[in-house]
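What follows is a structure written as structure tokens; I'll ask about it next.
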Amino acid sequence: MATQKEDHTALDLIIKSLKSPTMVCEGTHFDGKIPHTFVIFGASGDLAKKKIYPTLWWLYRDDLLPKPTKFCGYARSMLTVDSIKEQCLPYMKVQPHEQKKYEEFWALNEYVSGRYDGRTGFELLNQQLEIMENKNKANRIFYLALPPSVFEEVTVNIKQICMSVCGWNRVIIEKPFGRDDASSQALSDHLAGLFQEDQLYRIDHYLGKEMVQNLMTIRFGNKILSSTWNRENIASVLITFKEPFGTQGRGGYFDEFGIIRDVMQNHLLQILSLVAMEKPVSCHPDDIRDEKVKVLKSIEALTLDDMVLGQYLGNPQGTNDDARTGYVEDPTVSNDSNTPTYALGVLKINNERWQGVPFILRCGKALNERKAEVRIQYQDVPGDIFEGNTKRNELVIRVQPGEALYFKMMTKSPGITFDIEETELDLTYEHRYKDSYLPDAYERLILDVFCGSQMHFVRSDELREAWRIFTPILHQIEKEHIRPITYQYGSRGPKEADRKCEENNFKYSGSYKWHGGKAATSNH
């Protein structure tokens, strides 16, 4: 079991690697002698308040940022640093003994108010950055926590007015990266006309999660798994994302994109590419992303026959107003909306390793639990001698909540009789690494930007292949006004989804569910 002392030792090693010129490797090093400036566009928004400012504070608190690093917010709202500080406080997780350092962090912050569609605000911003940097050589990071509608104007103004002349410049872009292949390609072409690919960091925060980053180690660092990771041994792969709440007043925003664009086309497909890709030449970011692109190119475009679409209804027995409110009852959603809040899609990979193995992606809102996981289901044991009682082995990678890795297998029940039962080999992080600190996904990713590692960011050709797979079905759903199947708030989703899983070689026995080391009877 890891101790608190060991955890601090690990942190010390990270800090040493970040700052020592003798320990330079891809994505683990920055120049601590050059000033860095981090600019947050959309500083008045929820993402900045709940994620970006807290992440920057945690990195500063743990001495993981180069010194000096300063921060500047930019938005249309007339705000002050003190007002931003007050709005962020509930999300900063400040301990009493950290108060002095917390005040030091905010002393490094500035704020500029301005429009996104004109030069004046950006000229004021650049003047402020030069003052913060004392007009010295400095590296600049620009985080666009903004709606896509202003991306083009903001990036043009950054390029023309705000770029560091002597240092490097990096631009972080939040999804959505377009609505389909055409709009995504238009955005990519626009960005390519302004920046080099190594300056662009398209962020998918799921790529920063502990167990998603662990996928490569699990696959390529264990002979027992790597040798069975193929169609000869694996029956199906189920990648799941479930949320127990609905749109909760954000229906108008969600209705513009839907669950496929919001979760499946990005988060789940990125996980699939890590599960299914071939072994890269090295751990260099481009080698890894090359293999991800190769496997994406092997995937057929989705069709309606491959999918189940759902939309939640209110539950009359719900314990609160949200649970009793259906999706189209949200006042910000049209009464005749066909936008799916649940989707299941079966992807087929046409290559030697995976031919015939269904990759099932499912995601939904207003379901029975919060869960994100990868479930690798192995084939039935040939020549079963246990009267058909043998269940399939499963390797389960739990992304959230409660990071874990466990392997479902058959063993003899303790006792005098010769009965068999399903149990697991369990690596639950909160048990094995009890005192270890697991960074938030944004901490990992923002630190990667400082270090110049693009391993966990989406490259333009990855994006192009992702939209190739999903654009035809998205257009068909919208043009033909495909009606989703209704399901009740708090349920497991449409029953048709379970049937689709069964049709695609996923077997569920219904007798066993993992609870972080405790087994119980439950519905999957």
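Keep in mind that glycine also has a Cβ here, set from the backbone N, Cα and C atoms.
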Can you find which of Arg76, Arg140 Swiss-Prot lists as binding NADP(+) 1 at the same site as Gly42, Ala43, Ser44, Gly45, Asp46, Leu47, Ala48, Lys49, Lys175?
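Of the residues offered, the record points to Arg76.
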If I go by Swiss-Prot, which of Glu243, Glu278, Glu352 binds D-glucose 6-phosphate at the same site as Lys175, His205, Tyr206, Leu207, Gly208, Lys209, Asp262, Lys365, Arg370, Gln400?
Glu243
What is the separation, in Å, between the Cα atoms of Leu427 (NADP(+) 2 binding site) and Gly208 (D-glucose 6-phosphate binding site)?
20
Lys408 (NADP(+) 2 binding site): which of the binding-site residues Gly208, Lys365, Gln400 is the nearest Cα neighbour?
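Answer for the nearest of the binding-site residues: Gln400.
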Express in Å, rounded to the nearest integer, the largest CA to CA distance found among the D-glucose 6-phosphate-binding residues Lys175, His205, Tyr206, Leu207, Gly208, Lys209, Glu243, Asp262, Lys365, Arg370, Gln400 named in the record.
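The two farthest binding residues have Cα atoms 22 Å apart.
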I need the nearest neighbour of Lys175 (D-glucose 6-phosphate binding site) among the recorded positions His267, Arg362, Tyr406, using C-alpha distances.
His267
Helix, strand or coil: which one is Arg375 (NADP(+) 2 binding site) in, per DSSP?
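In three-state terms, Arg375 (NADP(+) 2 binding site) counts as strand.
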